[in-house]
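Peer 1: Here it is: the structure, laid out below.
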Ligand SMILES: *[C@@H]1O[C@H](CO)[C@@H](O)[C@H](O)[C@H]1NC(C)=O
């Protein structure tokens, strides 16, 4: 009996370890990304620690508003391992998001990260949709100082509620969260997904699919 309990505990501990092994704890002080290394690892190989400088842990420019002159009226300024090599293996990243009045950060997914968004200026409608079969839409109007979390892998969006410009800072639980923008992925893939597939999937005429594909 005692042996069975011990086995159960070991199995539970192993499973627990497997879940936290996702972007695991570093086994050293840091592993600054060396994108020039030919080594293929999950993430980037480490730069020689003796050559690491303060600037490897530094990013400047989050005070600068992104250019929102685009069809959706928003701009994301990312700070991931691609911009800040010191984030390699640490499992975190951030972004600044600017929104013009009524601008939208369109529905998208981060395949590798949960996100917590803090509003610095303006008001945003934030929302996400739960997975099948409920597909429940959960929304909240956020004001300056409010924070809202988007759980990992769920489709989410924000819209500026129109009272001037809005600015938010997002924190993400991956050094490389990834972005899958739904419209671009579905209607703007290269090469295109066959019109027949999308017409049936979205239950619309093929000419509507053509029109959507021409925009992305
Ligand atoms: C913002 O982007 C638009 C469209 O790409 C461009 O025409 C404009 O010059 C940009 N503005 C600034 C200040 O960079």
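Cβ atoms are placed via backbone N, Cα and C, with glycine included.
Sharing the feature lines straight out of TrEMBL:
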{"type": "BINDING", "residues": "105, 110, 115", "note": "oxalate binding site"}
{"type": "BINDING", "residues": "108, 110, 115, 156", "note": "Mn(2+) binding site"}
{"type": "DISULFID", "residues": "31-46", "note": "disulfide bond"}
{"type": "DOMAIN", "residues": "60-210", "note": "domain 'Cupin type-1'"}
{"type": "SIGNAL", "residues": "1-21", "note": "signal peptide"}
Peer 1: Rounded to the nearest Å, what's the C-alpha distance separating residue 31 (disulfide bond) and residue 115 (oxalate binding site)? Just drop the number here, would you?
Peer 2: 23
Peer 1: Residue 110 (oxalate binding site) to residue 156 (Mn(2+) binding site): how many Å between their Cα atoms?
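Peer 2: With the alpha carbons as reference points, the distance is 9 Å.
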Peer 1: What is the total of other Cβ atoms whose distance to the Cβ of residue 46 (disulfide bond) is within 10 Å?
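Peer 2: The Cβ of residue 46 (disulfide bond) has 20 Cβ neighbours within 10 Å.
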Peer 1: Restricting to the same chain and to sequence separations of six or more, state which residues have a Cβ under 8 Å from that of residue 156 (Mn(2+) binding site).
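Peer 2: In sequence order, the residues whose Cβ lies under 8 Å from that of residue 156 (Mn(2+) binding site) (at least 6 apart) are 107, 108, 109, 115, 126, 127, 128, 129, 150.
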Peer 1: Tell me whether residue 31 (disulfide bond) sits in a helix, a strand or coil according to DSSP.
Peer 2: coil
Peer 1: To the nearest whole angstrom, state the Cα distance for the pair residue 46 (disulfide bond) and residue 105 (oxalate binding site).
Peer 2: 34
Peer 1: Using the centroid of the Cβ atoms of 108, 110, 115, 156 as reference, list every other same-chain residue with Cβ within 8 Å of it (recorded Mn(2+) site), in sequence order.
Peer 2: 109, 113, 128, 150, 154, 155, 177, 179
